[in-house]
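Beneath this line is the structure, given in structure tokens, with notes to follow.
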């Protein structure tokens with residue numbers, strides 16, 4: 001018993017840390033969380049005693065949630081599926097060592113993982129040590145092991161309080177939403193406020209009424225034939241504003257014979273400070289804007305960079321930089337850019353209103369490493385972005401000259417503003433300056449200019465823009481909703497739930513999301529109240545700081561939520577939650593001649609036969625008609641705007657959503673549906689911008705027709721055969737995806753993290769191995785070529801070429817199957833010690849071509 005056990009969350013992190021620790025340390029990974037709250041699915045039914053006593057509703061709910069709010073928040077945990085082997089191994093090693101170092105991440109989640117590991121491993125509590133570090137470097141690791149501590153239980157309590165609240169809301173409100181609105185719905189303490197941001201913006205956009213106005217620019221010439229362009233800004237000392245073409249023509253008549261004299265010119269020198277080093281939220285925004293990465297992808301790549309020791313810890317909202325980091329970056333700037341770019345003192349940035357962590361900002365672990373090798377190309381781009389912001393944050397400000405020139409023509413004032421960059425400063429690294437070195441002619445005050453051209457411009461006011469991932473993150477941060485470390489999870493959840501649709505990287509609220517938020521505003525106002533959500537985050541932070549008792553906070557939240565829940569369960573006429581009713585229409589059902597009604601579900605808006613609910617189960621008519629939303633068609637902004645302008649509900653005067661029923665019929669539905677039953681039908685011949693929307697294709701499995709559908713993950717075709725239900729996705733370019741093969745069992749290839757075996761699946765990023773017990777075990781990996789070659793007889797014909805690929809590179813490293821997203825092509829690459837070697841092979845002209853980087 002001379003060695004010590006060190007436990008971290010990820011295998012990559014374990015591998016990196018083991019390089020800096022001596023042989024007396026055994027470094028192992030827990031592969032993330034090992035325990036979670038128990039639920040019905042995770043209970044071992046063999047251990048549940050049979051009873052004739054029917055559980056009452058409260059008891060059943062407690063069993064489902066795994067927590068008991070009526071008994072001082074007693075919680076029941078279970079080992080996560082697939083983690084049994086890992087826990088068994090950790091326990092075995094723990095019994096043979098003197099000390100156990102819990103080196104999980106330094107945030108609340110990491111603290112909770114450390115506590116769960118301690119509880120699961122058990123044994124003498126004096127053996128456990130807590131070590132934390134902000135970066136995975138030799139110096140940082142050595143310092144951490146010289147300053148060992150204990151698990152911070154206040155941080156654990158804060159994480160548990162957040163987890164318990166989320167579990168309460170999710171488990172207690174979902175049955176109500178399923179009953180009152182639609183199956184598959186859920187609400188969340190933070191996610192519902194995020195959905196409200198998108199639905200409120202959707203409402204603003206749809207009800208926006210544009211206003212026309214005009215501005216006039218003038219092209220002027222000096223006697224030396226020097227040309228300048230200026231805007232009319234004032235008329236009789238009032239802001240110049242024209243509302244229509246008539247006013248424009250009148251103004252042109254007034255100014256075309258006037259004299260234009262320069263009356264003022266002001267030159268000022270300004271400085272533009274560099275942006276702060278990146279924190280979690282600004283990393284997500286910058287990555288989305290500059291690199292086009294989703295928030296989820298950004299956090300995934302950043303986590304890998306941290307675990308490999310390239311950057312500091314990624315979950316932080318502090319702009320603080322250590323003295324060591326500042327000293328190194330200032331030295332780098334002076335050596336590589338010169339002393340002109342180095343400020344006399346380091347740049348200091350103040351933290352934000354809701355800042356809670358005392359960590360450093362995100363920065364490179366070693367500023368001398370400008371580019372990294374043996375990494376995913378996207379990870380390299382993200383590292384370079386982080387490096388650029390870090391360097392720029394400690395450089396001198398950009399200096400530029402602002403030139404403001406004023407010209408008078410009788411009662412008209414004209415102005416122009418020009419910026420000339422004098423010193424690039426930090427923009428040498430981050431080229432974010434929009435300043436243009438346009439030199440305004442040096443003309444003296446009193447100079448007379450000659451009118452050359454009159455340039456009128458028609459302008460329309462614009463509605464607020466739709467949220468992108470970056471702007472949604474910025475708004476969440478601004479309102480204090482959630483924490484930056486949770487933004488990726490929030491956005492992923494609301495995407496998966498079908499509360500929004502994404503078109504050209506912009507968020508469109510789905511109808512079911514609008515209905516959900518309308519109902520929550522009335523019956524669960526706290527869940528969608530921005531200020532309440534922000535205050536709760538602040539309270540959870542105070543739990544970490546031991547300023548608030550976590551159970552008192554939970555009791556207060558639970559009491560209030562329970563009262564709202566009981567009220568919402570009542571009938572609508574007694575103040576309960578409104579139902580998601582079907583709105584009758586005059587459209588006849590093609591199967592039973594009853595009328596069709598407008599129905600909204602998670603899958604979208606559609607027409608459903610009213611005979612479905614009016615008849616006994618065996619006689620129900622299940623006929624439905626899919627409605628194709630205007631937003632799902634490739635219409636122009638002008639077309640979309642015109643639809644909303646021209647069609648308003650005759651019952652409530654709100655705008656109407658437009659759907660295509662078929663090539664000869666459109667339906668306009670009030671945006672307040674189903675609360676308002678207003679709708680209009682329009683007959684005609686309608687051209688489709690989305691060419692495949694009404695296209696008929698045959699199912700490759702059963703040869704029946706496939707119909708266009710709209711779902712929470714986008715548009716697709718679905719087989720009309722109920723026993724088949726085959727689907728084909730519609731790609732962003734409008735094309736229909738190629739048919740995918742059925743999962744192929746590989747019982748001889750076993751999983752590493754669970755007692756099961758792999759199946760070969762085909763996804764949007766090519767083929768991959770996945771555990772056959774998915775979703776119980778979510779283990780996945782890329783297939784080795786030698787595995788495909790060994791079991792070639794199991795593969796469909798279209799994959800046989802992969803089995804013929806080189807099984808090893810020129811240095812003997814095994815090759816795996818990869819996917820090029822740009823070219824939508826499978827290729828072969830090799831790895832050594834978990835990193836790509838740069839060797840690759842592509843299948844071109846029916847043969848494998850090897851590429852060495």
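Cβ atoms here come from the backbone N, Cα and C positions, even for glycine.
Given the structure is predicted, the values throughout are model-derived calculations rather than measurements.
Features of the protein shown, as given by Swiss-Prot:
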- 313: active site, O-(5'-phospho-DNA)-tyrosine intermediate (ACT_SITE)
- 9, 105: Mg(2+) binding site (BINDING)
- 3-136: domain 'Toprim' (DOMAIN)
- 152-565: domain 'Topo IA-type catalytic' (DOMAIN)
- 186-191: region 'Interaction with DNA' (REGION)
- 33: site 'Interaction with DNA' (SITE)
- 162: site 'Interaction with DNA' (SITE)
- 163: site 'Interaction with DNA' (SITE)
- 166: site 'Interaction with DNA' (SITE)
- 171: site 'Interaction with DNA' (SITE)
- 178: site 'Interaction with DNA' (SITE)
- 315: site 'Interaction with DNA' (SITE)
- 589-621: zinc finger (ZN_FING)
- 649-676: zinc finger (ZN_FING)
- 699-724: zinc finger (ZN_FING)
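Looking at 9, 166, the recorded positions in this record, the fewest other C-beta atoms within 10 angstroms of the C-beta turn up around 166. Sparsest Cβ environment among the recorded positions 171, 178, 313 (other Cβ atoms counted within 10 Å): 178. Of all the recorded positions listed here (105, 162, 163, 171, 178), 105 has the Cα closest to the Cα of residue 315 (site 'Interaction with DNA'). Cβ-based neighbour count (10 Å, all protein chains) for residue 163 (site 'Interaction with DNA') stands at 17.
The local packing around residue 162 (site 'Interaction with DNA'), expressed as other Cβ atoms within 10 Å of its Cβ over all shown chains, amounts to 23. Each residue contributes its Cα atom, and for residue 178 (site 'Interaction with DNA') and residue 9 (Mg(2+) binding site) these two points are 36 Å apart. Model confidence over the zinc finger (589-621) stands at 86, taken as the mean pLDDT rounded to a whole number. Neighbour density around each Cβ, counted as other Cβ atoms within 10 Å, peaks among the recorded sites 33, 315 at 315. Taking the Cβ of residue 105 (Mg(2+) binding site) as centre and 10 Å as the limit, one finds 24 other Cβ atoms among all the protein chains shown. Across the structure, residue 171 (site 'Interaction with DNA') and residue 9 (Mg(2+) binding site) place their CA atoms 28 angstrom apart. Each residue contributes its Cα atom, and for residue 105 (Mg(2+) binding site) and residue 166 (site 'Interaction with DNA') these two points are 22 Å apart. Within 10 Å of residue 33 (site 'Interaction with DNA'), judged by CA to CA distance, lie the following recorded positions from the set 9, 162, 163, 166, 313: 9.
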